[in-house]
Amino acid sequence: MPGNKEREEAGMCASREMALVTNVCEYEELAKHKLPKMVYDFYATGAEDQWTLRENSEAFSRILFQPRVLVDVSCINMSTSVLGYNISMPIMIAPTALHKLAHPEGEVATARAAAAAETIMIYKDRNLVQQLIQRAEKAGYKAIVLTVDAPWLGRREADVKNRFTLPQNVMLKIFEGLDQGKIDKTNGSGLAAYVASQIDRSFSWKDIKWLQTVTSLPVLVKGIITAQDTRIAIEYGAAGIIMSNHGGRQLDYLPATISCLEVHESQVVREANGRVPVFIDSGFRRGTDVFKALALGASGIGRPVLFSLAVDGEAGVRNALRMLRDELEITMALSGCTSVKEITRGHVVTESDRIRRCSRL
């Protein structure tokens, strides 16, 4: 067992690491050295060739700014609202599972950090049944997020190689008392086998109507990237759309979510036409990325915080959210925007814009 001196040295080393963290991307490298390989790979890798995983981030580099100057930016207001609830910034914590693999306090630490930042933490449930919805209502949740892009689990080869399974001290707490079984080791990914046993692959649009019969909470649909599915989701009563490609962890060679706003001229936002809010996740690394998504019509973004949670628990998540907020604030000021509502399509230039301009020459 380490003595007091060793613990003090470890604490000092961790403090030095924290002092050197200047953006959320740096948490990933620190987490890579801290987490077991199986856990790091589960969080960090995508499906098959991982093209979508890479493209999610790289697509942002092809969107450029068109700032306005000589604007009074002495006061920047980043607050916004989600389904009538006010939050301090358009940055939320995206749905991610198994936070206890990253830190002993798990989702509790993440939720505390979200509350401290006055923003929203979104949970996802793979097996939405009436018991779980009632439990969520009793716990004070304000909305249900239905993940619709995972009727099968994507082939995540790192999980197969690692024979991913949960440590004995980690369980799916939400299923406690519901006799839902556990994740066991298999010849491949234990997670894939477990999810296959729990997901109803016949789940379809009509089941959104069923959800509305068992809860009064608004239902947001996560995993949509096309105008067609946006239209259907609204027809079936969805209260909001979350554009997502599951972080590149489901079907590989999907476009980056930001490209679904960019290349197709905000097709999802245009189809929603203000009837429901449109949120977006996947690939966000900087406050500049947040600004670009807002300029292209998104109402807010979701950002996973698992690596910052792994490195420094609740304090790490708080710091990650603070850095994103600070970066967004600077981007708004340097672009001449004093509030989120002032961020417009005219503040960015996309590949589609450049192609159209060249075609006119």
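Backbone N, Cα and C define each Cβ position, glycine as well.
Feature annotations, courtesy of TrEMBL:
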type	residues	note
DOMAIN	16-353	domain 'FMN hydroxy acid dehydrogenase'
BINDING	Pro95, Thr96, Ala97, Thr147, Lys222, Ser244, Asp281, Ser282, Gly283, Phe284, Arg285, Gly302, Arg303	FMN binding site
BINDING	Arg156, His246, Arg249	glyoxylate binding site
ACT_SITE	His246	active site, proton acceptor
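Put simply, of the binding-site residues Arg156, His246, Arg249, the one whose Cα is nearest the Cα of Asp281 (FMN binding site) is His246. Of all residue pairs in Arg156, His246, Arg249, the annotated binders of glyoxylate, the farthest apart have Cα atoms separated by 12 Å. For Pro95 (FMN binding site), the nearest of the binding-site residues by C-alpha distance turns out to be His246; the candidates were Arg156, His246, Arg249. Counting only the Cα atoms, the space from Gly283 (FMN binding site) to His246 (glyoxylate binding site) is about 10 angstrom. The maximum pairwise C-alpha distance among Pro95, Thr96, Ala97, Thr147, Lys222, Ser244, Asp281, Ser282, Gly283, Phe284, Arg285, Gly302, Arg303, the residues recorded as binding FMN, is 22 Å.
On the backbone, the CA of Arg156 (glyoxylate binding site) and the CA of Ala97 (FMN binding site) stand 15 Å apart.
The average pLDDT the prediction assigns to the domain 'FMN hydroxy acid dehydrogenase' (16-353) is 87.
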